[in-house]
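Student: This is the structure I have questions about; it appears just below.
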Amino acid sequence: MAEVTTPQTTLNAEPQAPFQFGPKPLPTELVPLEQYQQLGWLRQLDLALVRLLQQQGETNPAVLTLAALASHQVGRGHICLDLTMLLNEPQLILGLPPQGREFLAPSLPQHWLQGITLEQLLSGLEASTVVDNDNRGSAPLVLSGALLYLRRYYEYEVEVAAVLTERLQQQFELPEDLPHRLNQLFAPLKDSAENDGSSVHWQSVAAALAARAGVSVISGGPGTGKTTTVVRLLALLQSLALEQQGSDGTGLRIQLAAPTGKAAARLSESLSGTLSAIRAGNVAEIPTEIAELIPAEVATLHRLLGARPDSRFFRHHRSNPLHLDVLVVDEASMVDLEMMASLLAAVPPTARLILLGDKDQLSSVEAGAVLGDLCQFAEQGRYQADTQGFVYRASGYDLSPWVGAGTSLEQQVVMLRKSHRFGADSGIGQLASAVNRGDVDQTRWQLMNSQGDLAFLSPKSTQDSGFDRLLLDGDANGLAPRNGHSAAGYRRYLQLVNEGVQPEQTELQWQQSILTAFGEFQLLAAIREGEWGVSGLNQRIATLLKRKQLISDDKGWYAGRPVMVMRNDYSVNLMNGDVGICLPSASDGGQLRVVFPMPDGSLKAVLPSRLSSVETVFAMTVHKSQGSEFSHTALVLPDKPNPVLTRELIYTGITRAKLWFSLVISDGSLVAEAIRSQTVRSSGLSQRLGF
Ligand SMILES: Nc1ncnc2c1ncn2[C@@H]1O[C@H](COP(=O)(O)OP(=O)(O)OP(=O)(O)O)[C@@H](O)[C@H]1O
């Protein structure tokens, strides 16, 4: 890579004459970008941007430095560089120096910024030809208020805000008897307080609001009834459409989607169960013929939009919109800003878009926290008088405790508040909610007073024998059997692999049983590198399993190796995040194939040599586990403070557990520190929506 030639940004350069931004001069020592890159603090891409700006004639080192930092921020999930936060909390917002590496620090941004005012930064940027002021022109950088954007992200943000605002204008006519219809659909789901109106039944409220406008958001933690609400909402919309269309009507074109194959498969499974119950006549409030018009198939967003290999553009966009009337997107917290912009562009303006997700989970891996931005006041509600009136007329519920001056978008956001999966006796549910509230004492109490579904393990090292027992048999200090089953480790599925196809089974059934058993236990890690990171743990687990003769090798391809696809691979039709297991093929002389479950329930077997980018996943990162659930989930946290240890990460890890959750951490005090720390992602989206 060619050197970045601005003297001020070149390593060991002589100090230059101070550049004057405003009345005060900037310091002569500027941020040493190349040194940052050599230390791994900045990406090559961040410096490439600096070089591009130099080619475009920018010589001002301050503008170049801010550009590199704006690019660095995108790499860290932010949409823009928030200049006010940069001045107030540079270390926190930039993550520089990375925690634990302070001793390597050359001159830091905070030193460079000392004594500089926001006005100085703004006037320097405004004077630059590579920076546009709020979209006037086509410069690579855009300054909007005190937010500095790379143009692409500015455009995504403006587009997302504009399309959401447009969609809010789309109001659907609803029948006079809507209250009666809603009550019929939701009455069986209400408890006595919800029945007599003394407590709000949020599922009814969510359905009423989603029925009336072109966009709505339903946020809720695990098991709060998002899918149940959507099935009833779709039943309502289909019956209204059929009545309107008359005898030749075919109903609405409904499509369901999720960001990853795993999330799509999980929603599809849940929908299939619900729809079969309706078709069997077990759900009296929904006619069986309506269930026929609700699909159980769920596409990944990439497939729905028509991803093209090696291109960030999709087949469907504003000029070639999707053919649908209703689109439901599950696990919307995983949708980054760029994908949200593509999605919104492709949904026809006449359709209803319903976003489902859990606002408290980790945000997308790529830049943006769209669901979090849209739901930042979901708990308070902030419903205006109009909305209150509509909800009262439609459902009979009084939202006055949640009244406020929320934006138009917030009028379409509902938070479901009651978990139907985790009852009052569930340690997992109570732990998740204590972590989410940032309640350190309650978190500690829950971990120490397990109800049989929580375990806390504090190993001295990764070689700890208790940790071995957890990995092999799921045994982590007193997890009680649930539904007649005990918590598993990795031994259970590997025994099935080693026993081979049984006489009473087909090969397909054997493969399926292994994939199911594999889903019974998953180790999650917060970080990638080091002894307590994904890479160290995977090697350590493979060594243990080989020693126990559960796998034949701990390197390369071997029967039982679980792998995750790390990049969309169109040549084999596998998507980033798909997980498969390497198994000998009984019908093909034992040749190894990697067997993946597909969103439609089928299995796909692929030769290992055809998989270009896969990693072993005895341990996977919490980020990669989003959209999945495992009967027993064990979360391993590192033994030293790390900026990735946040409330959202721990909450996401806990809520991947269906029946048992084990926490593994050698220094328990880090848990308190982690749940006090919340992720902040700079973005101007909520401001653009008027929040
Ligand atoms: N109001 C209700 N009363 C009783 N049970 C309910 C109610 N709503 C949903 N359930 C049940 O609670 C369970 C979880 O519901 P559902 O799958 O709809 O939640 P979810 O929020 O979609 O969960 P997930 O976390 O998997 O996304 C299901 O068994 C469902 O039948």
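Just so you know, glycine gets a Cβ as well, placed from its N, Cα and C.
Unlike curated entries, TrEMBL annotations are predicted automatically.
Copied straight from TrEMBL:
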- Gly220, Gly221, Pro222, Gly223, Thr224, Gly225, Lys226, Thr227: ATP binding site (BINDING)
- 1-13: compositional bias 'Polar residues' (COMPBIAS)
- 39-149: domain 'RecBCD enzyme subunit RecD N-terminal' (DOMAIN)
- 1-23: region 'Disordered' (REGION)
Student: Within the same chain, and leaving aside Gly220, Gly221, Pro222, Gly223, Thr224, Gly225, Lys226, Thr227, name every residue whose CB is within 8 angstroms of the centroid of the CB atoms belonging to the recorded ATP site, in sequence order.
Tutor: Asp358, Leu416, Ser419, His420, Arg421
Student: Just name the most isolated of the binding-site residues Gly221, Gly223, going by other Cβ atoms within 10 Å of its Cβ.
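Tutor: Comparing Cβ neighbour counts within 10 Å for the binding-site residues Gly221, Gly223 gives Gly223.
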Student: Per DSSP, what is the residue count of the domain 'RecBCD enzyme subunit RecD N-terminal' (39-149) in each of helix, strand and coil?
Tutor: 55 helix, 12 strand, 44 coil
Student: Determine the Cβ neighbour count for Thr224 (ATP binding site): the number of other Cβ atoms within 10 Å of its Cβ.
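Tutor: Excluding its own Cβ, Thr224 (ATP binding site) sees 22 Cβ atoms within 10 Å.
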Student: Could you say which of the binding-site residues Gly220, Pro222, Gly225 has its Cβ with the most other Cβ atoms inside 10 Å?
Tutor: Gly220
Student: Within 10 Å of the Cβ of Lys226 (ATP binding site), how many other Cβ atoms can you find? Include all protein chains, please.
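Tutor: Total other Cβ atoms inside 10 Å, all chains included: 26.
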Student: My understanding is the cutoff is Cβ-Cβ under 8 Å with a sequence separation of 6 or more in the same chain; which residues meet that for Thr227 (ATP binding site)?
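Tutor: Once residues fewer than 6 apart are set aside, Thr227 (ATP binding site) is near Leu267, Ser270, Leu271, Thr274, Asp330, Leu356.
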Student: Could you pull the average pLDDT for the domain 'RecBCD enzyme subunit RecD N-terminal' (39-149)?
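Tutor: Here the predicted model's pLDDT, averaged over the domain 'RecBCD enzyme subunit RecD N-terminal' (39-149), is 90.
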